[in-house]
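J.: Supplied in structure tokens, the structure appears directly below.
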Amino acid sequence: MSAIVQTVVRNYQQIVRETKVDPMVDSWFLMGSPLPILSILAVYLWFVLKAGPAFMASRKPYNLQPILVLYNGYQVLFSLWLCTMPLRVNAIPYLLKHGCHPLENQHNPFTIAVSNGAWWYFFSKVIELLDTVFFVLRKKQNQVSFLNVYHHSITCFFSWCYLKYLPGEQGVVIGFLNSVVHVVLYTYYLIAALGPKYQKYLWWKKYVTKIQLAQFCIMLAYLGTLLVFDCKLPKALTFFFVGNVVIFLFLFADFYRKAYSRRSPKGSAAKSESGAAGEAVPAPSGSKHVEFCDAPSATDSGVARRKVQAAH
């Protein structure tokens, strides 16, 4: 973990040297300095890795089904709303026409709208930290995996860095793509959170994983074009994005291989790292895996139960 922190600090220092901040964005909530978001992430890591498990050690798991239904329903609607933001300001047509030539950093309606959308996307990543918190409160500590914690921490910090140092239209493609995928993911989690009688409607979980893998491939291709055509973007930030997308692609591909290529005779999915709601499906750029508290799943004790993994 210390190596990860050192890498983040080195890249952050490089980004600072390559960029100039926007005073308008600096005035927004949590954007003045990295201290607030780093403090949030520090508290998150402290709770899910140490304080939370200690607090729950002598307690029974909390029944969070009603909360999970509301939470996942909110995430579906919020992700849908995020999808509409770039469409309302015609950001996608602009990118198709102008490629990687960013607009001047002027406070015109277009750039303000794009930056505003980026802030709400960043805010969604802060809220998604609750996925892991729910695992802890339900005593699903085996689901608080490296993939789950790393994914949530890094995507939250990345989205902050993008808004702070690169609030242009180039990130719209990734944000839009990720929001579309999250509509699908949280719809899956919502159905899973409704209870065992709805499990029959989750036959498509394998395809959700494929959608996530396709998302990472598209992200890599897009980020590659930004580098190949020498877009005026911070190199450290772009390479950091590329490196982590490669990591996520590998981790999710590994999950897919274990879960769907080597099924047990009973067809149970391989043991997986989860994040918030109901059956085994990995999480994306924000991804989390979710196991519904009443749904069968595989446990550390070796008892076979159906598992639901979610990604974000």
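Every residue gets a Cβ built from N, Cα and C, even glycine.
In TrEMBL, annotation is done automatically, which means it is predicted and not curated.
Copying in the features that TrEMBL gives for the protein in this structure:
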type     : residues : note
COMPBIAS : 266-280  : compositional bias 'Low complexity'
REGION   : 266-312  : region 'Disordered'
TRANSMEM : 28-47    : transmembrane segment
TRANSMEM : 68-87    : transmembrane segment
TRANSMEM : 118-137  : transmembrane segment
TRANSMEM : 149-166  : transmembrane segment
TRANSMEM : 172-195  : transmembrane segment
TRANSMEM : 207-229  : transmembrane segment
TRANSMEM : 235-256  : transmembrane segment
J.: Tell me, please, if the transmembrane segment (149-166) and the transmembrane segment (28-47) are in contact, taking contact as 3+ Cβ pairs under 8 Å between residues separated by 6 or more positions?
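T.: The transmembrane segment (28-47) and the transmembrane segment (149-166): touching, yes.
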J.: Report the listed stretch (28-47, 68-87, 118-137, 207-229) having the maximum count of Cβ pairs within less than 8 Å of the transmembrane segment (172-195).
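T.: Result: 68-87.
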